[in-house]
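Engineer: I grabbed these lines from TrEMBL:
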type     : residues  : note
TRANSMEM : A:6-22    : transmembrane segment
TRANSMEM : A:42-67   : transmembrane segment
TRANSMEM : A:73-94   : transmembrane segment
TRANSMEM : A:115-134 : transmembrane segment
TRANSMEM : A:154-175 : transmembrane segment
TRANSMEM : A:234-254 : transmembrane segment
TRANSMEM : A:275-298 : transmembrane segment
TRANSMEM : A:318-347 : transmembrane segment
TRANSMEM : A:368-385 : transmembrane segment
TRANSMEM : A:391-414 : transmembrane segment
TRANSMEM : A:421-440 : transmembrane segment
TRANSMEM : A:452-470 : transmembrane segment
């Protein structure tokens, strides 16, 4: 019964979205990679939500509440501050993408620094960093299925099946299916979380939502304020603030954010979305409440990420677990598809066309993108199944490398003098700053309460600036890619002094 | 130029609310309805952000509409 419900949700959503996206249309490369730059407010909102609300946003938030209490509240601020910065940044990216017909983040680096190799190098980094992120989605999916179905299904086979579903979902139609699938995924997940938060007191006989907080106060008095339930972790106010700033700086540097920024119909779609997207974060009220309820009802779990699922499996009815499993699979499949599509487009556009066959036309790049999608899916599923520790640690290095793109993304829109050598040396120094302290345990010297990533980003920033000042700046044409209004939307770029100009409608 | 953008200072509000107020808020022991004050504060920060960005967006749009109505000169001629 519960298996049937979840299968109907997953197959109905993925096949339905792919069918709707393909109706009466011949898909070209622009459609596939950036939705033909045609998404209006609703689709764009859901596509962005698809990237924010991943498996670990929803299992992780309740897990933080379960394990640490108050420190987890910083998650509320991530999205809000991301879109405060995004109000300035995303319309700029959208304009640049539209004007230069960009498909990927690497395309942006190529144009901005007037060099074909920088984009290809960063495309390799992007792909390698995306793989562990995709793999995380599959691991989360395995977790959801294990806890909702028990040993009735083989997790490994379900991960293979999910990899296959992603292909069905995105192979033909690309980004539009992801956006359509996101609508089902997010509506369903918010409904599931709300139902869980409201009903959890009833099912665990713990009274109402409010009595859960009262019981927490009695049994875990330190949970409500920093440093939370585990003071030894040093999750102080200072940590809280630096974590928010680090995530804010790194918020828009993942390759997929460029791609979905390019998918909007107009600059105002992107701006209006920055107004309404943060409100989605209010759903974290439910996840935190569920995390606290889990601490009261199912204490002592070995992994805090299991908190929400263990609570559901123990106290909620079978039909609900079916919905939760279906919704949870979509939470893994939809963001996973967006990430895979990004990796495939980076490969086809910036490695295949960028390095191997510069004269390939769009039709050929689309074909290569689709084959690359199969490759990315196979590799991610393989990594998720193998659990190879060395492999995973290599991938995690690439993962932290991506957050080191923050100074170059921001500076390339603000500072004329930044150069490709500055970008490259900043990234290398930032990467060493992230990995070396954890290897030699220097972080105890710096003080545990400041995120080491913040120090690494600061070092990266300084090196980027200094090396840029000593190297040859890009051509005037390349500089103008980042630092001039692209389509005359004057108010999108605070650094540009230009007369007010009307937006072009085309 | 800078005068035209002064309303962008509203975008500082979310940072003040969500990041820089935290050490102060963390000292408050008042818990309305038993819910942790920091949790309510951070949740309210989401709404405050939406309102701040919304205010900037609506001012920007109004400015742009005025700019469009008023500009008959040739400044936009070179755009096509």
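Here the Cβ of each residue, glycine as well, is placed from N, Cα and C on the backbone.
How buried are these features, and what lies next to them?
Structural biologist: Outside the transmembrane segment (A:73-94), and at least 6 residues removed from its termini, the chain residues within Cβ reach (under 8 Å) are 52, 57, 60-61, 64, 108, 240, 243-244, 247-248, 251-252, 258, 261-262, 264, 267, 270-271, 273-275, 277-278, 280-281, 284, 288, 409-410, 413, 489, 492-494.
Within the chain, the transmembrane segment (A:154-175) has long-range Cβ neighbours (under 8 A, six or more residues past its boundaries) at 10-11, 14-15, 17-18, 21-22, 27, 31-35, 47, 138, 141-142, 145-146, 181, 259-260, 263, 329, 332-333, 336-338, 340-341, 370, 373-374, 377-378, 380-381, 384-385.
Here the transmembrane segment (A:234-254) has long-range neighbours at 68, 70-71, 74, 77-78, 81-82, 85-86, 89-90, 93, 226-228, 402-403, 405-406, 409-410, 448-451, 453-454, 457, meaning same-chain residues at least 6 beyond its ends whose C-beta is under 8 angstroms from one of its own.
Same-chain residues lying 6 or more positions outside the transmembrane segment (A:275-298) and placing a CB less than 8 Å from one of its CB atoms are 45, 48-49, 52-53, 58, 61-66, 69, 72-73, 75-76, 78-80, 82-83, 86-87, 186, 189-190, 193-194, 196-197, 200-201, 204, 206, 209, 212-213, 215-216, 219-220, 223, 307-308, 310-311, 314-315.
Sequence-distant neighbours of the transmembrane segment (A:318-347) (same chain, 6+ residues past either end, Cβ-Cβ under 8 Å): 1-10, 13-14, 32-33, 47, 50-51, 53-55, 58, 103-106, 123, 126-127, 130-131, 133-134, 137-138, 140-141, 144-145, 148-149, 162, 165-166, 169-170, 174-175, 177-178, 181-182, 184-185, 188-189, 192, 195, 255-256, 259-260, 309, 312, 368-370, 372-373, 375-377, 380.
With a cut-off of 8 Å between Cβ atoms, the residues of this chain six or more beyond the transmembrane segment (A:368-385) that come close are 29, 32-33, 127, 130-132, 134-135, 138-139, 142, 156, 159-160, 162-164, 166-167, 170-171, 336, 340-341, 343-345, 347-349, 352-353, 360, 391-392, 395.
Remote same-chain residues near the transmembrane segment (A:421-440) are listed as 109, 113, 118, 121, 397, 400-401, 403-405, 407-408, 412, 446, 452-453, 455-457, 459-461, 463-469, 471 (criterion: CB distance under 8 Å, separation of at least six residues from the stretch ends).
Using a Cβ-Cβ cut-off under 8 Å and counting only residues 6 or more beyond its ends in the same chain, the transmembrane segment (A:452-470) has close neighbours at 242, 245-246, 249-250, 400, 403-404, 406-408, 411, 415, 417-419, 421-423, 425-427, 429-434, 437-438, 443, 446.
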Engineer: Take the transmembrane segment (A:6-22) and find every residue of the same chain, 6 or more past its ends, with a Cβ under 8 Å from one of its Cβ atoms.
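Structural biologist: Residues packing against the transmembrane segment (A:6-22) from afar: 148, 165, 168-170, 172-174, 176-178, 180-181, 184-185, 188, 322-323, 325-327, 329-330, 333.
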Engineer: What same-chain residues lie close to the transmembrane segment (A:42-67): Cβ under 8 Å, and 6 or more beyond its ends?
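Structural biologist: Apart from its flanks, the transmembrane segment (A:42-67) reaches 35, 75, 79, 136-137, 139-141, 143-144, 175-176, 178-183, 185-186, 189, 193, 229-230, 256-257, 260, 263-265, 269-270, 273, 276-277, 280, 283-284, 287-292, 294-295, 301, 303-309, 328, 331-332, 334-335, 338.
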